[in-house]
Amino acid sequence: MEVPPQQHQTNRIVKALLILLNCSLMAIGQIGGPLLVRLYFLHGGKRKWLTAWLLTAAFPLLIFPIAISFTRTRTKAQSTRLFVTPRLLLSCAFIGFLLGFDSYLYTFGMSYLPLSVSSLLSTSQLAFTAFFAFIVVKHKFTHYSVNAVVLMTFGSVMLGLHMNGELPSGESDGKYSLGFFMTLAGAALHGFLMPAVEYTHLKAEVPVTFDLVMQLQFLISLFSTLFCTVGMIINKDFQAIPQEAAEFELGETKYYMILILAAVALQFSVIGSLGVIFCSTSLLGGIVSSLLVPVQQAVAVIVLPESFNAEKGMSLAMCLWGFASYLYGEYKVSRKKQTRKLQPVEEV
């Protein structure tokens with residue numbers, strides 16, 4: 001049965017709005033979360049497993065939309081899948097544990113590296129995402145998407161290589177190098193995780209609805225939090241939190257405020273990232289993530305003692321141009337598909 005043109009247009013608008021909403025959540029999380037974590041480290045925070053735990057610790061927030069969705073479907077007498085299949089559960093556990101480890105790698109690097117260098121390495125995830133998207137989910141590239149990857153990757157490289165690379169005060173060359181490679185490994189792992197989530201959707205063997213995606217997000221965040229909780233227990237972070245809060249330079253109240261706000265913001269980033277993959281592709285998620293890094297740098301100028309120089313401006317311009325190239329390429333592909341659907345079939 002063919003979908004009416006008006007219904008098709010409505011579906012496209014709804015999909016575009018969902019992508020916009022998830023990109024907005026990514027922006028809130030990716031800009032606000034790392035800045036709050038950086039504030040934590042700058043003013044006396046030292047617990048790396050704690051900051052890794054913050055990435056998904058606010059996952060109980062997902063209970064509310066899941067409960068509302070379940071209530072709505074039951075009211076309409078619709079069938080709903082409250083629990084995922086065993087295969088999806090195992091996939092969520094695997095991805096969640098990797099996400100927890102990836103978060104630890106990233107926060108470890110952030111604790112030892114200047115913000116410029118950590119931003120450079122984290123945005124290199126776009127190249128890894130493009131590579132794994134081609135390998136894992138067989139994503140087809142156009143010259144527009146390739147142009148976007150190249151421009152945004154080089155823009156990110158320029159952002160880090162032409163900035164002050166001095167060691168943070170009190171850090172040795174060994175810790176700097178270790179933080180550098182740990183962050184690079186985190187970027188590579190994150191580049192794998194996004195296509196892995198998309199692959200999970202493709203091989204779900206059940207209809208992948210928005211309700212099911214919310215449940216998958218909940219489970220992935222749950223397993224990630226459990227992984228980091230084990231690390232916190234081994235490292236005795238829970239016992240150290242009260243003393244660290246009392247010695248925090250900004251005060252005990254602001255210490256807990258920073259942790260809570262960082263947890264909420266970072267959870268928004270996870271929700272937005274997984275939502276973009278559901279509504280579009282893992283490659284778009286990587287491109288949006290890379291686009292937000294120079295924006296994060298601009299915000300850091302206001303919030304943190306950072307300077308905005310010509311290299312940052314050029315990097316921002318290259319990322320915006322690459323993002324525009326990707327959007328234009330997607331528009332061309334969409335128009336071509338729509339034209340083919342509207343062409344009349346010739347009678348033999």
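Note: Cβ is positioned from N, Cα and C throughout, glycine not excepted.
In TrEMBL, annotation is done automatically, which means it is predicted and not curated.
Noted in TrEMBL for the protein shown:
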TRANSMEM  16-37  transmembrane segment
TRANSMEM  49-68  transmembrane segment
TRANSMEM  88-106  transmembrane segment
TRANSMEM  112-137  transmembrane segment
TRANSMEM  144-164  transmembrane segment
TRANSMEM  176-197  transmembrane segment
TRANSMEM  218-235  transmembrane segment
TRANSMEM  255-276  transmembrane segment
TRANSMEM  283-302  transmembrane segment
TRANSMEM  314-331  transmembrane segment
Please work out whether the transmembrane segment (16-37) lies in contact with the transmembrane segment (176-197), by counting C-beta pairs under 8 angstroms that are 6 or more apart in sequence and asking whether there are at least 3.
no
For the transmembrane segment (255-276), the distant same-chain contacts (Cβ-Cβ under 8 Å, at least six residues beyond its ends) come to 18-19, 21-30, 32-33, 36-37, 39-40, 45, 50-51, 54-59, 61-62, 99, 194, 197, 213, 216-217, 220-221, 244-245, 248, 284-285, 288-289
How about the transmembrane segment (49-68) and the transmembrane segment (218-235): at least 3 CB pairs under 8 Å, pairs 6 or more apart in sequence, or not?
yes
